[in-house]
Amino acid sequence: MERKTVLVIADLGGCPPHMFYKSAAEKYNLVSFIPRPFAITASHAALIEKYSVAVIKDKDYFKSLADFEHPDSIYWAHEDHNKPEEEVVEQIVKVAEMFGADAITTNNELFIAPMAKACERLGLRGAGVQAAENARDKNKMRDAFNKAGVKSIKNKRVTTLEDFRAALEEIGTPLILKPTYLASSIGVTLITDTETAEDEFNRVNDYLKSINVPKAVTFEAPFIAEEFLQGEYGDWYQTEGYSDYISIEGIMADGEYFPIAIHDKTPQIGFTETSHITPSILDEEAKKKIVEAAKKANEGLGLQNCATHTEIKLMKNREPGLIESAARFAGWNMIPNIKKVFGLDMAQLLLDVLCFGKDADLPDGLLDQEPYYVADCHLYPQHFKQNGQIPETAEDLVIEAIDIPDGLLKGDTEIVSFSAAAPGTSVDLTLFEAFNSIAAFELKGSNSQDVAESIRQIQQHAKLTAKYVLPV
């Protein structure tokens, strides 16, 4: 069979480049379009070059030789991308037509809506224009969820301080204030005290002005205020060590939801995730409830052909509470870990769906559990504050070393990989925690509880050597 051509809108996020490009290129010819060259790391650029038959970069972002250089790491691209949505759509269409693309995909949350519009114009399978907008704008998302037969929660659009005051009056506390257009829990804030609520709103609103997003990202209101979803851990798990929420990965094919795998989590720092354990140890009844909720949510958004990453709160009486869902792959190493544990290559499966619809080899339910577990974990400054190594008043630190002492792992759990910020790395402790991962590690073991306890031990006992900047 002749290899089909897939246009990849290359940017940050989703399935990591170290898996995506090799997996995709094994079956498809890849054309990579880079709308934000400044958002590509050196290793990402090398993989794009290695596995693409052609690479197109937006020429408007090359003003000097320095613009051809790529940094070693990026969490969030802070340079401006000032092209409106329609111009981005036209760029995608032009490149797709130039190479006769049979499908278009991206791993980046911020280009989901322009890509959907380009797919529609070209007659290619995609998420669907309205569905993509529903999945990108969290106000529209919550409206769709509330109509989809899942737990309905109070919510209100927020643009101004007056809107926030009205939301606070209507919803009460605890209340979640969430940016409608971002990802990675950036800016998500729990409001519990009415006395300080307005100060919190102003703080988050001011901070978000410093976070650049492409001009093509559109929304009706910058915030959504929602009632807090209260978890009930003991109704779902029979052992300690996990969190009261999970994520479930799936695929939409011609408007039908296909669940793939559920990830357990370890306790968060605020709303910042700390680790994902693949697969989940939840019992079959619990998994069935989660799958039913995810199906209603994603089909309720109207999604047609795309990957889905759905986050669900585990509430009282085993009621799933929809947090949000994205029309893209999960980030971190969750997609590679599904392949490690189950042998399913979701990167290839998505492209199969985009090219062939339901003729792709889709699973008929959650993948069966294999005899081992893989955990994808990060360490943040807050872990070292909690274990007393970073002074609570510190505003900055310069890392000298991060080490994991011997004797922390439980059962047959082993460290597969470990990486830490390089010596001399400066960390601004005033940033949202999600920006400040300072170490990452992967664990593997035959017992999920041993893996979870090993994570907890590492969080409590990892050794940080650093210099601190304290307020005068």
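Including glycine, each Cβ sits where the backbone N, Cα and C put it.
The Mg(2+) 1 binding site annotation in Swiss-Prot covers Glu109, Leu182, Glu324. Following the DSSP three-state reduction, the secondary structure of Glu109 (Mg(2+) 1 binding site) is helix.
Swiss-Prot lists Lys138, Lys178, Ser184, Ser185, Glu226, Glu227, Phe228, Leu229, Gln268 with the feature ATP binding site, giving experimental evidence as the kind of evidence. Secondary structure at Lys138 (ATP binding site), as computed by DSSP, is helix. Sequence-distant contacts of Lys138 (ATP binding site), defined as residues of its own chain at least six apart whose C-beta falls under 8 angstroms from its C-beta, comprise Lys178, Pro179, Thr180, Tyr181, Ile224, Glu324.
The annotation substrate binding site is assigned in Swiss-Prot to Glu273, His309, Thr310, Glu311, Arg328, Phe329, Ala330, Gly331. When Cβ atoms from all protein chains are considered, those within 10 Å of Thr310 (substrate binding site) total 27, not counting its own. In the three-state DSSP scheme, Thr310 (substrate binding site) falls into the strand class.
DSSP assigns Glu324 (Mg(2+) 1 binding site) to a strand. According to Swiss-Prot, the Mg(2+) 2 binding site annotation covers Glu311, Glu324.
For 142-355, the entry in Swiss-Prot reads domain 'ATP-grasp', with the evidence type sequence analysis.
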How far is it from Leu182 (Mg(2+) 1 binding site) to Phe329 (substrate binding site), counting Cα to Cα, in Å?
15
How many Å lie between the Cα of Arg328 (substrate binding site) and the Cα of Glu109 (Mg(2+) 1 binding site)?
7
Going by Cα-Cα distance, pick out whichever of the binding-site residues Glu109, Glu226, Phe228, Gln268 is nearest to Ala330 (substrate binding site).
Glu109
Within 10 Å of the Cβ of Glu226 (ATP binding site), how many other Cβ atoms can you find? Include all protein chains, please.
21
Least surrounded among the binding-site residues, given as Phe228, Phe329, when other CB atoms within 10 Å are counted:
Phe228
State the Cα to Cα distance, in Å, between Phe329 (substrate binding site) and Glu109 (Mg(2+) 1 binding site), rounded to an integer.
9
Going by C-alpha positions, which of the binding-site residues (Glu109, Thr310, Glu311, Gly331) is nearest Gln268 (ATP binding site)?
Glu311
